[in-house]
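Residues or ranges marked as transmembrane segment in TrEMBL: 13-31, 68-89, 110-133, 139-158, 179-198, 222-245, 392-419, 431-452, 459-479, 491-510, 522-541, 547-572.
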Amino acid sequence: MNNDSFSKNTSKTFLKGAMIMTVSMVVVKVLGMLYKIFLYRMFAAYDDAAGFSMSSVGIGLLSNAYEVYTPLFALATAGFPIAVSRLIAESITQKRYRDVDVIYKTSKKFFISMGVICFALMVGISFIYVQLIKSPDSIYAMMTLAPSIFIGCLVAIYRGYFEGQRNMFPTACSEVIEMLVKVISGLSMGFLVMKFGMDEFGAKGTVFGKMYPTAEMAMQRLLAYSVAAAIAGIALGSLVAFLFLRIYYSRHKFIVTDEMYRDSVDARTQRETFRILRNTAIPIILSAFIMNISTTIDAVVIQNVLYNTCRVNLDGLISQFDPKYSAELYNMVQGEEIKLHTSLWGCFANALPLMQLVTTVTQVFGTSALPNVTAAYTSGDKKELKQSMETVIKLTMIFTLPAGLSLFALANPIIALLYGGGFEAEVSASILRLMGFSCIVVAASTPVMSMLQSLGKVNLPLILCTIAMVLKISTNYLFVSMAELNVTGAAIGSLVAFTFVFVAGMYLLIKHSGVRPDFINTILKPFICAALCAGTAYGVYMLMNRFVSYVIALMIAIVAAVIVYIVALMLIKTFDKEEIYMLPKGNNIVTILEKLHLLR
């Protein structure tokens, strides 16, 4: 096979793998969002019986468990699967076939060890963390979630192994299986615990055999048990994903034939293999850990500030919300029993999945073009480098800008559709409006950081992320401490931090690449079209909501906005031929657009 043929096949394999991973990520994110929505709705059904907002407090408890789990899981699994994947791919390319089995055995020992260590760390840290955030009931969910770290490490062994062979199917399929099991089993167990607990409390006045001083305390403990049961679905999902991958491995593992064995050089030792894996993984692990630990520190800061506001300026805080909710909010602050800060944190967590869905979808468009950036920079082809960079930026902006601005424009009906009405929905909508802007800079920052790494500047993203972490935590403390902003200030902090990352990252990218992208075509034109899209969405919704239900008005507004956006992109000639050719059926699309004189 000649080099050109190999290059084309590699490109096709990469794009196919990227498409598979894109579909699986979207499915996983949507299922994860539905899991949280259904859980919220289930708890909301008991709000009146409990005398406080079980829905938002429950989501707050769920989110608290993740704040410890996520950085530890990143520490255990963020870098090593990538290192395993790279080394296996490199070994196969260099015909070091004997190394593949050594890499597998070495990674298995590492992941099992890291799984045990991080599991123990989560168990120990959780008791300290719940005291820091003033939420002792979060401990049950944290203890239930802890085994997922160990099982997740077992899953990571096989995902990295197959990704190194450019086989993305096992990873994508196992992620969907894991999420399906999590959603079905988690919601079922959470519902059963809540139902049996409520039935027992109604009949005997106890919750699973224990008597509490007040009905509210009993309901609060039952809620904590139900959240823990729902979160147990994560461990069960990880276990099923591991079993799937183990069976898949037994049937599709890399087989070294006699001919391959003869052609291969002697395998590296496990010690040497581990050293190579470690050196590759450490920078990736540090970047992932810093970003995730910043979120955990953020959660501690935000909830502590909200807790202190509840104690020293409760009237000022509650006055920021609709007076009709005052009695409900005051009821969540009874002496030392304060739940309002957890409820507000739950409102923040309600809006977060919508932002994450946007950033997940758009990341892949940038990722697909990154090999071209590396190749063009290495070869010194400035023209190709400029085109590759512009493609990454433009694709990211084309999908991020309309989504982010539309979240800002339609925050209220979107939250109402997903979570219903009430105090929690109003707070979540105000947060989502700001997150609409945040998701634009968050999604745009990711490919910029990746392109810097493609240029060999691997330390710059780490430095920028560290500065952003400090900036985010300090601005969150400043804004959240203002009673007028309260939890909404956290969204402002994210916007400030990631705007810095994007602007500074873009400056460094231009400086080190020696190429200045065409910002008119890559950013300004998509922004104009996205503004028209969001304006259409808002205007159509406000008009139609006078005549039909808000759900129908929302659907009509979204369809109208999409049509306006696509037409606007064509009218101002945002794309050129080469970019259209990259799309499925690109030749046919180019022919049609040329006839309409809509291509530049």
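Backbone N, Cα and C define each Cβ position, glycine as well.
Note that the coordinates shown come from a computational prediction; the quantities given were computed from them, not determined experimentally.
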In contact by Cβ distance (the transmembrane segment (547-572), the transmembrane segment (522-541); 3 or more pairs under 8 Å): yes
Criterion met for the transmembrane segment (222-245) and the transmembrane segment (139-158) (at least three Cβ pairs under 8 Å): yes
Tertiary contacts of the transmembrane segment (431-452), as residues 6+ beyond its ends and Cβ separation under 8 Å: 347-348, 350-352, 354-355, 358-359, 362-363, 365-367, 370, 373, 389, 392-393, 396-397, 400-401, 403-409, 411, 414-415, 458, 460-461, 464-465, 487-488, 490-492, 494-495, 498-499, 501-502, 505-506, 508-509, 512-513
Intrachain residues whose Cβ lies under 8 Å of the transmembrane segment (179-198), provided they are six or more past its termini: 27-28, 31-32, 34-35, 38-39, 42-43, 46, 49, 207-208, 222-223, 225-234, 236-237, 240-241
